[in-house]
Amino acid sequence: MSSFSLRQTARYSTYRSTIFRPTFTPQTRQFTTSRTMSEPTTTAGQAISETARAEGGPTKGSTSAQMQSQVGKERNFEQAAQEVGSKMQNAPQSVTSEDAAYLKSREARVLGQGQPPAGSISSDAQKLAAVNEGATKQSTASGATATGTDPADQSARDRLQNFDQATQHVGSKMSQNPEQVTKEEADLLHSREQRAFGQTSKGGVASQAQSLAADNERKGTA
């Protein structure tokens with residue numbers, strides 16, 4: 001094993017023992033229980049049904065509609081937390097900035113704020129992704145020093161950077177002003193993700209943006 005590989009392994013081991021202890025904020029602590037997404041949220045469902053009956057049926061903007069929307073956001077966040085959290089625990093070196101952005105977007109929609117609180121699972125994911133990107137850059141720099149920069153590698157890095165920039169721009173809008181996300185922005189993000197990774201991920205940030213943009217077009221808000 002090369003000296004870099006040894007340093008990289010030690011770095012991940014240190015990171016997992018000192019930083020990666022997935023935690024949730026008080027608002028999202030409910031997701032650390034053993035409840036799975038397939039189990040019905042009986043209490044929430046009953047509360048929504050009772051509210052809807054009291055309002056004479058669910059209508060756009062009603063309390064019951066807002067409650068239903070919040071439940072959906074929480075389920076989406078739980079799904080993301082399970083997917084990325086498993087990756088963080090079992091293969092931390094494979095966690096990417098895309099994973100972190102996906103989780104951050106889902107958490108932001110639940111909490112109604114753009115930045116995840118310190119100590120939350122999406123905050124941990126961002127830190128871990130930064131460690132991984134730093135290790136990748138170090139490896140790339142070592143190779144470039146010895147053999148020169150490979151144009152193909154440079155092109156791949158450029159595509160990843162373009163995707164990251166699009167994710168930051170559109171992702172911020174998705175969390176802070178979701179009703180303003182447009183089809184053009186969603187298509188741009190989809191294109192950048194396709195170019196960066198050769199495919200788009202189901203449930204990823206580009207997929208979320210397209211769904212949100214479609215909803216906005218139907219409502220006439222974007």
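Here, residue 1 is simply the first one shown, and the rest follow in order.
Cβ from N, Cα, C; glycine included.
The compositional bias 'Low complexity' annotation in TrEMBL covers 21-43 (among others).
Taken from TrEMBL, the feature region 'Disordered' covers 21-99 (among others).
As annotated by TrEMBL, compositional bias 'Polar residues' applies to 60-71 (among others).
Positions annotated as compositional bias 'Polar residues' by TrEMBL: 87-97 (among others).
According to TrEMBL, the region 'Disordered' annotation covers 112-222 (among others). Per-class residue totals from DSSP over the region 'Disordered' (112-222), listed helix then strand then coil: 86 helix, 0 strand, 25 coil.
Under the heading compositional bias 'Low complexity', TrEMBL lists 135-154 (among others).
Taken from TrEMBL, the feature compositional bias 'Polar residues' applies to 162-180 (among others). Beyond the ends of the compositional bias 'Polar residues' (162-180), by six or more residues, the same chain brings 97-98, 101, 104-105, 108-109, 113-114, 186, 188-189, 192-193, 195-197, 205, 208-209, 212, 216, 219, 221-222 to within a C-beta distance below 8 angstroms of the stretch.
Among the features that TrEMBL reports, domain 'SMP' is placed at 180-218.
The annotation compositional bias 'Basic and acidic residues' is assigned in TrEMBL to 181-195.
Here TrEMBL flags 197-213 (among others) as compositional bias 'Polar residues'.
Sequence-distant contacts of the compositional bias 'Polar residues' (197-213) (same chain, at least 6 residues past either end, Cβ-Cβ under 8 Å): 79-80, 83, 98, 101-102, 105, 163, 167, 170-171, 174, 178, 181-183, 185-187, 189-190, 222.
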